[in-house]
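Asker: Here it is, the structure in full.
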């Protein structure tokens, strides 16, 4: 019996000693922010339904882990967790928070390998601590001046992201293994959010720019903001109610006097009258009905933005195109007036001129019409991608070159030739019309938006066309001149490649869906000729081949303009100079993922590129800057 007791005692002491020597499984990361930050849980709610949702969900979760890692870096100088047991414990803690939000109980195991958060000497240039960072890169880097504050401003965020990629490049050079680029980028993000940014990892600066976390609503870090917003809202509501009441009174007093007539029209016979303050002609509806044969099907020539377009002939013999505006989700009286006011004051040879307009109100609906000069050669899209049995000769290289330059000049005028600048927001083939000489003119300013100098727009209503929308605008409503540059880049690629912006017929690699990814991958692989429209590579009737070097330059400018990062796109003026050969085209940059990109996921062997990067749905990581 004594021997049995001694054996049990020794066994107990042995097990106690083993537990004491085993690594601690207590997680040092605080995940309380998972419940306080208004992050968008939509993709995580349906992560089991599509690969895209899963990738977006995993991206959000990676950011939620990155926030406390940045906090810990500042507190302990350690970039990652000490061992596998700690990493597993932290992922379990995160999963507990996610489950409390009624999300799936296996999200962390679905998205992560615990090893990816454990530090080791081979992660990135042997860096484990901030001391290692300083010893490798020096006491300061480009991040220190670019990422310290003010990152909610798009321009400053651009500069910070560009600095991040420069530092990443330094780290990859030091490491010597380009496959570690993703890990190095995560280190850059963690350092910028935890050490450099003055407001910290949970600030608006870090969440909106560094981590690019998709939020349900803007962050308000102080209760005072809520109070002020509530007070302003109540005041605005009261004022709005008074204004509406006044308008109702005016309507009942004066409404009958104008009901059923053209707005802004004075009955002075059949001659059109110049409307004050705009310079555009206001037609009577009877004139437009006569010109278009009562908007007959025979005169119908296509559908443009927000309406149907009819060909017409005025009494003086001039041919016009009349757009009959139809009500839609985006268009109303305010936007119609906006279009008239903007277009009527624009005069440039590469813009479609507005001849006039008409607006009729009756009991059932408002009818609005825009009158343009008729462009006899239709739109660019019809020439690039003929429909049905229509046969058109492929555009020649001189024609393609001329069209690209014309569009660039038209956009340069909108961005720099008028004050305030105008952003078109819907540059695409169907909005580029061709006159009798095949010169291009930018059309359809129904979505145009004026800008105050030096400003970027933030809007909750994104307008435009899928495949041409700049990612930062499509995802976050951040509108700048570079948004038009992105769309212009896509149009260049369509012209040079003879391929649609979104090619849904393509099978195989998801990289082939988007023309931007497809063209970039071929050019980076040294297969530029495979990206060019085949008709451009054949010799013309004269026996002379097209200038391959110039065509490649145009293709490279298109890729550069359509880069997912705002900071790496040129302005339209610089793009025009590159096209004309006045300045050199910089080397085509990689399409690097922004800070914490959803397209990277872990498989059994390490990080791989996810098909979501080039899928039809663009996610928060695809865009930034």
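Along the chain as shown, residues are numbered 1 onward.
Cβ coordinates come from backbone N, Cα and C, glycine included.
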Asker: So which range, 207-227, 228-248, 249-269, gets flagged transmembrane segment in Swiss-Prot?
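Answerer: Among 207-227, 228-248, 249-269, the range Swiss-Prot annotates as transmembrane segment is 228-248.
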Asker: Can you give me the same-chain residues 6 or more apart in sequence from residue 301 (ATP binding site) with a CB-CB distance under 8 Å?
Answerer: 309, 310, 311, 321, 378
Asker: Can you check what DSSP calls residue 426 (active site, proton acceptor), collapsed to helix, strand or coil?
Answerer: coil
Asker: For residue 307 (ATP binding site), which of the three DSSP-derived states applies: helix, strand, or coil?
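Answerer: Reduced to three states, the DSSP call for residue 307 (ATP binding site) is strand.
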Asker: Validating a neighbour-count step here. Other CB atoms within 10 A of the CB of residue 303 (ATP binding site): how many?
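Answerer: I get 12 for this one.
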Asker: Looking only at Cβ atoms, how many others are within 10 Å of the one on residue 309 (ATP binding site)?
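Answerer: Its Cβ has 23 other Cβ atoms within 10 Å.
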Asker: Just to be sure I understand the packing, how many Cβ atoms besides its own are within 10 Å of the Cβ of residue 426 (active site, proton acceptor)?
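Answerer: Result for residue 426 (active site, proton acceptor): 22 other Cβ atoms within 10 Å.
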